[in-house]
Amino acid sequence: MDDTFKSLVSGLLKTSVTDQSFESMTTRENQIKQLLRHRKCPKEGWDESTIELLVNRLSLMDSNNFVHNYGLGEREARFASQLVSRRHYRLGHGIGRSGDICELQPKAIGSSLLNVLTNSLVLDVIQSVGVPNTRSCFVVPMATGMSLTLCLLTLRHVRPNARFVIWSRIDQKSCFKCILTAGFIPVIIDTQMNDNKSLDTDFKTIEAKVKELGNEKIVCILSTTSCFAPRNADDLSSISKLCLQESIPHIVNNAYGIQSSKCMHLLETSSRVGRIDAFIQSTDKNFMVPVGGSIIAGFDTDFLNQISSTYAGRGASTPSLDVLMTLLHLGINGYKALLNERKENYNYLKEQMKTIANEFNVNVIDNKSNQISIAMTLNMFDNSSIDTTELGSMLFKRSISGARVVAIDDKRKTIGKYEFKNWGSHTDSYSDSYITAAAAIETHVKKDVSDVYNIYTTQAFFVQITTDALSKSLAPGDAIEFIPSILGMPDLPVWMHYKQLNSSHAAYLYGSPALNDDQDIDIEVIAINQYNYETSKDVMKFRVIQRESM
Ligand SMILES: *Cc1c(COP(=O)(O)O)cnc(C)c1O
């Protein structure tokens with residue numbers, strides 16, 4: 001802390017104030033200084049006060065927040081609504097200048113610093129979690145598909161005679177549309193099926209296409225790492241080597257790949273043996289912020305500068321601010337802990353799906369280079385009247401979102417003027433219908449799956465209340481009293497009853513929900529140890545499912 005401030009405080013309080021009283025402020029100041037000095041993601045996450053101290057400071061450095069400032073321009077970061085102003089910490093200038101999304105904005109030094117800091121921290125994270133070879137990256141205030149388009153448009157300047165983008169098929173619309181939006185002609189390379197029914201890059205056909213079209217005519221090869229199973233990540237190493245050999249640019253769609261050490265490893269090793277010009281990832285999928293941003297990264301700073309200067313105009317600073325605040329909150333250790341947890345969740349989810357698959361005599365497909373998404377075949381419905389596509393909505397009704405059912409039914413889909421057979425399966429002819437589930441970052445499969453009691457309408461249920469929280473202090477003879485009720489309400493639902501067996505530790509909730517009682521319900525249980533009056537609170541989650549729709 002500044003000495004004048006300290007002596008003024010001592011004077012005001014008429015006592016000599018110890019350094020400890022200023023310490024918490026000094027600690028925060030030092031954290032901020034360290035950040036500016038090293039420009040790396042801190043090891044441990046910061047508390048909210050320090051994050052806000054930094055953001056407020058950045059905000060005060062923008063001209064719209066100067067004590068005396070009269071903006072005579074048409075764009076001066078004005079706010080009509082205080083709600084909007086507060087939501088953005090009074091940061092209103094956005095990032096970049098009219099000609100380059102990474103350029104400094106003299107009227108907005110705080111926002112410019114925000115932009116540089118965020119990009120620097122993101123680079124540190126990408127390097128730390130698997131691609132140390134990365135040279136440069138920047139956050140773009142557009143989602144992944146549009147950032148892919150921006151990269152392709154940059155290549156238009158570099159390769160004015162090229163028109164074809166060689167694309168290893170992945171059935172997600174934005175992956176394909178980014179080529180059409182950039183005004184190029186896609187050359188669709190179907191994936192090929194392995195013996196274990198996983199799907200791989202058809203590298204031979206890519207090689208043949210490159211020969212057929214000739215280097216001059218090809219804008220780039222667009223490959224993908226993170227994708228829905230049973231598709232594997234593309235054969236990045238072979239494609240990268242081919243691109244190096246034939247002098248063809250290579251753009252990699254790594255949409256949710258930062259969270260997968262497998263995808264990151266593929267990028268790192270391929271960048272060492274071959275050519276990758278840029279790899280693009282989503283900020284929301286990897287860093288848990290609202291949709292609206294993506295990160296363009298690469299191994300050649302000059303090419304990345306070309307991309308950022310292709311962006312027309314300024315951009316919103318919100319995606320950068322959200323990512324910066326998130327990274328400061330988590331710290332690199334916090335982020336890595338989430339990545340480890342994700343791996344455990346992936347293994348758990350796969351085990352659970354295998355258990356179900358065994359029960360029904362179907363398969364969980366082994367995807368070596370896809371460690372996020374898992375596919376299970378649905379052959380148990382092959383000779384039944386059940387429409388497998390209904391499974392998705394059945395799961396959605398049970399509060400499971402994101403599971404995807406792909407039915408092999410020869411349906412066709414048209415995007416632009418291109419028609420795809422069996423859209424959704426990454427190939428014209430897949431053998432089986434299947435369902436996919438993803439263990440992405442912050443997917444709490446374990447907790448979600450095991451802590452919910454499923455009960456059914458018009459069917460009796462019977463659940464014991466557990467005393468986990470009290471068990472440490474509970475002696476066998478202690479009397480215990482439970483008070484169960486709907487969370488935040490005084491009573492139980494009319495169809496749910498409570499019974500305790502003679503003050504023993506065994507107490508039960510039982511009953512039978514009526515036909516229209518199908519909804520999720522949280523029951524709060526307060527437990528009181530009547531011997532020492534220690535209390536604990538626990539929430540039991542019930543999911544009431546309609547019996548007919550089983
Ligand atoms: C999410 C995703 C995209 C991009 O989607 P946007 O909506 O543009 O962010 C592209 N490819 C894959 C594989 C994705 O998962």
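Cβ coordinates come from backbone N, Cα and C, glycine included.
The substrate site recorded in TrEMBL includes Arg97, Ser98, Gln105, and the single candidate from Arg231, Arg272, Arg275, Arg314 that the record places there is Arg314. Of all Cβ atoms in the protein chains displayed, 11 besides its own lie within 10 Å of the Cβ of Arg75 (pyridoxal 5'-phosphate binding site). Compute the center of the Cβ atoms of Arg97, Ser98, Gln105, Arg314, which mark the site for substrate; besides them, the chain residues with Cβ within 8 Å of that center are Gly94, Ile95, Gly96, Gly99, Asp100, Glu103, Gly313. Assigned with DSSP, the residues of the domain 'Sarcoglycan alpha/epsilon N-terminal' (478-541) fall into helix, strand and coil as follows: 0 helix, 34 strand, 30 coil. Looking only at other Cβ atoms within 10 Å, the busiest spot among the binding-site residues Arg97, Arg272, Arg314 turns out to be Arg314. Per-residue confidence over the domain 'Sarcoglycan alpha/epsilon N-terminal' (478-541) averages out at a pLDDT of 86. Highest local Cβ density among the recorded positions Lys285, Arg398 belongs to Lys285, counted as other Cβ atoms within 10 Å over all protein chains shown. Considering only the binding-site residues Arg75, Arg97, Ser98, Gln105, Arg314, Arg398 (tRNA binding site) has Arg314 as its nearest partner by CA-CA distance.
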